[in-house]
């Protein structure tokens, strides 16, 4: 009797189901009111709906009630929404009621349906309080965690699937979810309260950081070894403490290791640091102040600038150093008391210094002419590294060898051996003490192979007819010098870092004993011979980690003339330039 009524109602229901307005138009119109990081939730329906949508749901509710009244098996895909009395928003039934006709096994076993699991608190209008992250887990794909940039979708954006289930349809403009072909389980994970979204972690960036940390760790280990080892050169120079210079150093722009023409000297060159070089006490104090976190006063900055400018020009600082520093420091009442004490020590040393010694220092600092400066600049400039610039004493000095004389570079064996031969030639011509100099490779050969390994090194030379014998010592990354004075029967070890060389002196003394037996058929009276290491206060000390080779050469220069060693660290830039010119012209200034 009522079959015609059922057919009419079914026709109306199908018509209403097809006339649902499109969801994209609503999304484009409501995009400004959407939350950026809200997720696709099939159970959430926005509070405001178009009037046509409300009319359709009212028709559906009426049909649902009519079907229930007559007892016909009429099923809807969604249950009627209940309007909240407090804020007018619509709340839907729990997700478990949406899939009321499906079992849990069927839900998890299907390869095309998603399981929406929600964590975290929700506000009364059905929107999560915290931002969510979409987690996609597939059987054949690794787990991926991607932030959800989708907008909140309306219920019309969900397509009806067989069996009364709904499948969420993502927004192609905003969703970043990769859809695998295999089964996927989507989880909605709420972040902790108050933390918000974190910056995505980049695997490549992590690898770069690990690589930089590894380089930095190796550099620190090397510097630590050079600072505490017995046979290496401690680095005491002041580097820029800013983070920018540290990163430049870790990126291998500030440090480099080279090998020049197969020689054994490692070129570990700091290329980008600047050092204000003054006398020992003042410079050591400035080093302490740089390491501290306190501020440097303006007067100290002015003094440092003045010292740096004059050291670059190669002027002498000792005669008026105390007056300049004391005058500058008295300008400010807040000067450091420790700095005053250091300056007073310098003043005392300057007063005790004789006029002749000051004259000697002045004679050492001969200014270079413009032509000499140009020639030096050309040699240190760009050009083929294997270009031979000077050849003598069976040695060839290339442009690469000369460029080790740049500021803050380490000298190699070729440069040191060439300069030592220039000292021998100078002593022969100018009537200085008879001098013999061993090669830088002599001591390593003697230490490793004994006397028989170097027996022929003195063929045609009688060492005991000489007055002074110089032996350059290379200890891994540090240069030093041993002076054998046959007139006084003593051996002296000179190290610009204050290290001791008793073992080195003993090896060389034993070599003299073997040489005396071979050449003179007589033993040395070892009781008459003495050896000791020069203490730091007895000879000038380097204030950086790159001038050990220069100090070794200048030790040899002064000692070969029986001249007191009076040079200082701040003269090294000028000495380097002079040495370039001397090697090019094969003549000492």
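Just so it is clear, glycine is given a Cβ too, placed from its N, Cα and C backbone atoms.
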Range annotated as motif 'Nuclear export signal' - as stated in Swiss-Prot, picked from 269-284, 285-300, 301-316, 317-332: 317-332
Residue from 32, 110, 174 to which Swiss-Prot assigns phosphoserine: 32
Stated Swiss-Prot location of motif 'Nuclear localization signal', expressed as one of 16-19, 20-23, 24-27, 28-31: 28-31
Annotated stretch (motif 'Nuclear localization signal', per Swiss-Prot) among the listed ranges 40-45, 46-51, 52-57: 46-51
Annotated region 'Disordered' segment (source Swiss-Prot; candidates 133-154, 155-176, 177-198): 155-176
Residue from 95, 237, 344, 448 to which Swiss-Prot assigns phosphoserine: 344
All-chain count of other Cβ atoms within 10 Å of residue 548 (active site, nucleophile): 23
